[in-house]
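Annotation source TrEMBL lists transmembrane segment at 87-108, 128-157, 178-197, 209-229, 319-340, 360-380, 401-420, 487-509, 529-552.
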Amino acid sequence: MGTETQAEEYYPRKGGLRTMPFIIVNESFERIASYGLSPNMIIYLMTYYQMSAATAGSILGIWSALSNGLAIVGAIVSDSYLGRFSVVAHGSIFTLIGMIILWLTAMIPQLNSFSCSQFQHVCNGTTVVQLAVLLSSFVFMSLGTGFVRPCSIIFGADQLERKENPETQRLVDSYFNWYYASTGISTILAVTTIVYIQDRYGWQVGFGVPAILMFLSVIMFLIGSPLYIKVKAKESLLIGLLQAAVAAFRKRNTSIPLTDSDDYYHLPIESEISTPSNDFRCLNRACMIQDPQRDLNPDGSASNPWNLCSLEQVESLKALIRVLPMWSTGFIIFVDMNVFSFSVLQTKTMDRHIFPHFEIPAASFSVFLIIALTIWLSFYDRVLVPLLSKYTGLPRGLSPVTRMGIGLIVSCTSMALSAITESIRRRRAIEEGHEDDPSALVNMSAMWFVPQYALLGVAEAIHAVGQIEFLYSLLPKSMSSIASAMYNIGTAVPSLFGSILVSGVDWLSSTGGKTSWLSSNINRGHLDYFYWLLSFLSLLNFFYFLAVCRCYEPGNDGSSRFSHVAEEKQCNYRLLPESS
């Protein structure tokens, strides 16, 4: 009888382990399909839409920024309106629609300008309609990604978590391990198998396979619908933070009285916070009760949450503001990763053979980044942490801030090495007479590019995990979802900045009739100069990081210049960055 009761706790009528195949397959197929499209996309845009390398790079940067930035929209819609199941389902369908539209651009000659440039003497280039269809596919896929990514992993945890049974936490931890393992494998398959299909069988098949996988992803997720626990939507913490900011702004002309707990509105729950903290005192106005008759309902709740919010909301907003400077120091790594799409143009001109009859697709070299990231995470966790913890006394070997700084230095080194490698490749191409032929093969192995890919993967692994632990240690436990959302925004903002940087460099370097650094003919351009620029910006960012670190150092009285100094805590696995 006891065994049956225990089994019922682990395998209830709704949720449980039997829902995991549907959720993990949905996420895995979505990643294989989505990530398989990105590596070669710059080649597709330049070939089928007659775009320059700089224009294609800028569009891909905006696409990446939109995909990551919409994660905030997905989280708010999920928490406040539709619930996680509906958001994941709708997001999967949006992604499928976008992939079908993209596949149609390769299938229907009228939807691209490739046939025009190949078979007509007079060609007006890409039309507005053709460009609109292409961009609509990106918008649908971005919306789908923004809905699925922030909700899928938490939706899976909803199926296993049981507050009345703490033993299920073991199942949740196991689920996180399997989830991240599946996303890593999916990413590797995407940048190898899907990219190989595109190179070997063309765009029609190469875009058709991801669309089919996405269709199977949607079907698989919907088949499991009767088994899912579907948590209802409730008030979003993000909305609560916005309410605190709006309320403080509305009361900006109100004087702040002495800190008396009776003057401030508290949530009707037990809380250790009785008075607001002294930093960012202007925000304290948001929770001030000016007129109890007007501000409060008969039951003691706030009559207008956009004019009066709780002290707990104000302190959560302050905690968010405290981590923003350190969070912003990580932007440059993702700028480096996003503009690295130009490396496809480089490896495409080089010898990519590992064996005499096996050649690595140019866009598949990003697999070395993923492999390096995975190896470093395992090596640090299993080998370095036990050794370093003996000397530092910290459970994780090095503090999160130290790891973030190391990641920034490694990223800077990666860009410098990329600049050196490109200068060598370009010089050889010119010496061999390929200055006017960017598609000609240079007598140089593409394996030269493996070290910078590997260094960039290590940089992301070191910095990103350190950043997540830093956010988790400074933010209240109730804001764990905010930490996850901040990671997504931290990849969206650099994508947008990278797109602007590419456009700016292309414009400035081509003034006066000169050849742009980012010319489509990379043998005439100067990608090496562009990588040196990124290396210089990375170095400047590291000095900015050192300046920010001083804000978190404890003063002579033992207190931090920012309240709530980060403590060593166990990192929440659901916040860890996924392989990218």
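FYI, residue positions are counted from 1 along the chain as it appears here.
Glycine is treated like the rest: Cβ placed from N, Cα and C.
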Paired segments the transmembrane segment (360-380) and the transmembrane segment (178-197) in contact, 3+ CB pairs under 8 A: yes
Long-range neighbours of the transmembrane segment (319-340), counting only residues six or more past its ends (CB under 8 A): 57, 60-61, 64, 241, 279-280, 366, 369, 401, 404, 407-408, 411, 414-415, 418, 456, 459-460, 463-464, 467, 470-471, 474-476, 479, 482, 486, 490-491, 493-495, 497-499, 501-502, 530, 534, 537-538, 541, 544-545, 548-549, 551-552, 562-564, 580
Long-range neighbours of the transmembrane segment (209-229), counting only residues six or more past its ends (CB under 8 A): 14-16, 18-19, 21-23, 25-30, 32-34, 36-37, 85, 88-89, 92-93, 95-96, 99-100, 102-103, 155, 158-159, 194, 197
Surrounding residues of the transmembrane segment (529-552) on its own chain - C-beta under 8 Å, 6+ positions past either end: 325-326, 328-329, 331-332, 335-336, 339, 342, 401, 404-405, 408-409, 411-412, 415-416, 418-419, 422, 505, 509, 517-518, 560-562, 565-566
Intrachain residues whose Cβ lies under 8 Å of the transmembrane segment (401-420), provided they are six or more past its termini: 326, 329-330, 332-333, 336, 340, 343, 449, 451-452, 455-456, 458-467, 470, 528-529, 531-532, 534-535, 538-539, 541-542, 545-546, 549, 552, 566
Within-chain partners of the transmembrane segment (487-509) [C-beta distance under 8 Å, separation at least 6 from its ends]: 52, 54-55, 57-62, 64-69, 71-72, 149-150, 327, 330-335, 338-339, 464, 467-468, 471, 515-518, 526, 529-530, 533, 575, 577, 580
